[in-house]
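Database features, via Swiss-Prot:
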type	residues	note
BINDING	73, 74, 75, 76, 77, 160, 161, 162, 191, 195, 239	GTP binding site
REGION	378-428	region 'Disordered'
COMPBIAS	392-402	compositional bias 'Polar residues'
């Protein structure tokens, strides 16, 4: 059963393959009739027909069709958060086995899966039920994904529907030719060992069915949220990080900015890329762009360092005061860390709500071999965008030196992580 408040919008792209208003009639007897030149029978005048001359006319191209699919309770919550945050240029879907949860979903398009199996009562925390429900509704899922160029699948791993159904949704999306990106969370430790074990199984199943998989470790959020944060608020933080992962990629495709990126650029980096890491940083002040970049690549959300990444998509967003020099400073900071031959795609977007601040989202792919543990964030004015400002004790791996204390505020310059300092030899 498909609950779609905008049914006609769902199939619009699949039914409009041509460009309306730009018809082209071809006369088989004269192959030059549609070339823009008039080779008529008038021997007195060999003029170019102005009426038929289409040189210089721009034919509008088709905008990339982006769909965000929230699977299960966690995925649905993330979609709700995206809608509340006015994420634009994408089509939202909520997919669930729980009919009651779907009625409360904010997505305009909703799909209940596994009606015969679950009778709308959910998967009971059992991923096997979630998988069977998705298999039962495979055709309906394909209809929902029809016409998509880029599909984001967001879910909270560890439960029943999200863990079991998300890999099937991804499989269908890939079969239909869409660039498929999974953005999922790994559960908090306090959610229990069973849920953690189920999450790992779901992640493995999803990893082989998507082009790129971004995993957000919820437990890492404990390093950046206050100790007094209620449980419900902690889960809202996790939902918002999922939102930022999707928006960081979709914005650079859908929103015209200082530096425009098209869908083909993003596909070049993310197609068949495997596991990916995501970092987010925000900063203000004189060196805000560089500090935000360092915060992003040193983010507590990173389970390991992005050093050596061979594919990077990053988005720098700022107010109307964002300068090209700041964009360059952020880009150079990231260039210093990744593989010298990395394929790097970045966009710069203006958001007037960020006056005085710069926000950077980094998605890194293409890792080989062992990846070292990520260093902690140390930029003095930088922070993770999803959390209020809070400094936590810095843990420096592979060293016996005592934990560093915060630098005095008067000190000039930037406290740069060790791995960045090692990667900054004199330029040739």
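Backbone N, Cα and C define each Cβ position, glycine as well.
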Query raised in the report: Between the binding-site residues 191, 239, whose Cβ has more other Cβ atoms within 10 Å than any of the rest?
Result: 239
Report summary line: Students should find that the Cβ of residue 73 (GTP binding site) has, within 10 Å, a number of other Cβ atoms equal to 22
Query raised in the report: Of all the binding-site residues here, 77, 161, which one's CB has the most other CB atoms within 10 A?
Result: 161
Report summary line: Taking every pair from 73, 74, 75, 76, 77, 160, 161, 162, 191, 195, 239, which the record gives as binding GTP, the longest CA to CA distance in angstrom is 19
Report task. Return the residues near residue 75 (GTP binding site), defined as same-chain residues 6+ apart in sequence whose C-beta is under 8 angstroms from its C-beta, sorted by sequence, else 'none'. Result -> 69, 94, 95, 153, 154, 155, 156, 162, 166
